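Here is the structure we will look at, set down as structure tokens.
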Amino acid sequence: MKISVSKKLWCVHKQLILLLTPLVFLPLLFTLPEKEGKCLYVVVLMAVFWCTEALPLAVTAMLPVCLFPTLGILPAKKVCPQYFIETNFLFLSGLVMASSIEEWGLHRRIALKVLGIVGVKPAWLILGMMLTSSFLSMWLSNTATTAMMLPIANAILESLFGDLESLKQKCKSVEDHENAVINGTLTDTPEQSDLMTAEEIRVEAQYQLKVWKGFLICIPYAASIGGTATLTGTAPNLILIGQLKRLCFTKNDRRSQAEAKAKAMIKEDYRNLGPINFAEGAISFFFVLFAILLFTRDPKFVSGWSVFFKKGYVSDAVTGVIIVSILFFFPSQKPSLRWWFDPQASNTPYVPLLSWKKAQESVPWNIIMLLGGGFAMAKACEESGLASWIGGHLQPLAQVPPAAAVMLITAFLACFTEFASNTATIIIFLPVIAELAIRVSVNPLYFMIPATVGCSYAFMLPVSTPPNSIAFASGHLMVKDMVKTGFVMNILGILSVTLAMNTWGIAMFNLNTYPEWAQPINKSALVTHMHFSVAQSLNVTV
């Protein structure tokens, strides 16, 4: 009887979550300041719905459009524009570029080349992809890096493990697996049947599926981490400088043999691709040009090409839209003057590198809504005063030893930025943290640097960062996969930052001394300088 009831409850668990969650958190509306309480109420509802997927993610992302205006948090005219702001155009540009790479198979050529160099050991592959993603995200936006790398990752995985749906089918129970083979929905090769039992196939497939998920998750994580390595890597780092001016793998003979066969197959597949064609070469050129233009627009340490335009008018989104627009008319075949004078030549219309139909099919428009919901939430947190209200409650940290305060500040911001833009989070909290450091006579850098880095450690939810959203858009990950892995990543990130700031960070930034620019006598000047620099940094694209 108990089992029957529990099964029925599970059948309607999403409906129960939708009904009970608003009731459970209703006290927030009456125990907190009016506007802040209402905003926190909506944020909590959306966080629960996103984590449990009680509603489709895109539907949850649209809740701000109806809840923020009706609760008096933010007018509709301020909420709706958040769903297609400049960052979304950069996001869209990266995805369109990625779809053109897929259209002409360039990602497969790159994937097979990478496989041929590093081999097919999953651990080495993941390390190679993470290092590549981290390096690119030091100079490019995390969003563009992830959008470019994921198609390559998927091609590598398909070359190594085959079709994902077949892999999922093999992960089922032995009985289901055998039935699938009998019914013809799954075909085992003779080699598999001879060498492995159905149970062994299932266990191996489960291992491969875990590798697949780990591969997809590692790219956005590496992009987020790599972005913290340089001042231009991510917006919070630029805001900071403006204000201051497991994968374990098992070896066995069968797996080694399979990897050796896979490596031979990969080499053969790469040879079968033949020499690079005109379309692949053109896509490669625009890919590299896209990366160069993003990096050289405003590299900070030298003047970029944006100086030829009005200050603040040209952003990464402009660059992205220009490049992807070219893809829609640039020919996929090499132009030739002979064609005009050859009556025997084909008179079919030329094919561009990318068609709108292909772009429309490839771009996950629901993820655009998901990002918009995150930006709307961040806007409401800022304008309702919720973020400032939470920031005010950081003052008790003045009584905590500085080393412990570093860990608490990093942990708090790493959690807060799961639901809000890392740029908005750092803009709001960095002045509060600077004030806190001045009050306890600690070098402000000691608190501000880990706070800035912590804002990039948003690993748990698809909505946390655009890279997470892109990885989730592949359709191969579940929210619980990201939450479980992201929680561990957050803990490791917090501990790493705390260790760094209390060891080599002290010598690197001279944190044992209190700088003259932070003396209490200069407090008003410091605050003025910080707010002016924040205003300048707002022109920087995430």
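Here the Cβ of each residue, glycine as well, is placed from N, Cα and C on the backbone.
According to TrEMBL, the feature transmembrane segment maps to 41-71, 83-101, 121-140, 273-293, 313-330, 400-433, 445-465, 485-507. According to TrEMBL, the feature domain 'Citrate transporter-like' maps to 48-447.
The transmembrane segment (83-101) is in contact with the transmembrane segment (313-330), judged by 3+ CB-CB distances under 8 Å for residue pairs 6 or more apart in sequence. The transmembrane segment (445-465) makes no contact with the transmembrane segment (273-293), as judged by fewer than three Cβ pairs under 8 Å among residues 6 or more apart in sequence. Long-range Cβ contacts of the transmembrane segment (313-330) within its own chain (Cβ-Cβ under 8 Å, at least 6 residues beyond either end) map to 86-87, 89-90, 92-94, 96-97, 100, 141, 144, 282-283, 286, 289-290, 293-294, 297, 306, 352-356, 539, 541.
With a cut-off of 8 Å between Cβ atoms, the residues of this chain six or more beyond the transmembrane segment (273-293) that come close are 97, 100-101, 104-106, 108-109, 112, 136, 139-140, 144, 148, 305, 319-320, 323, 326-327, 330, 332-334, 353.
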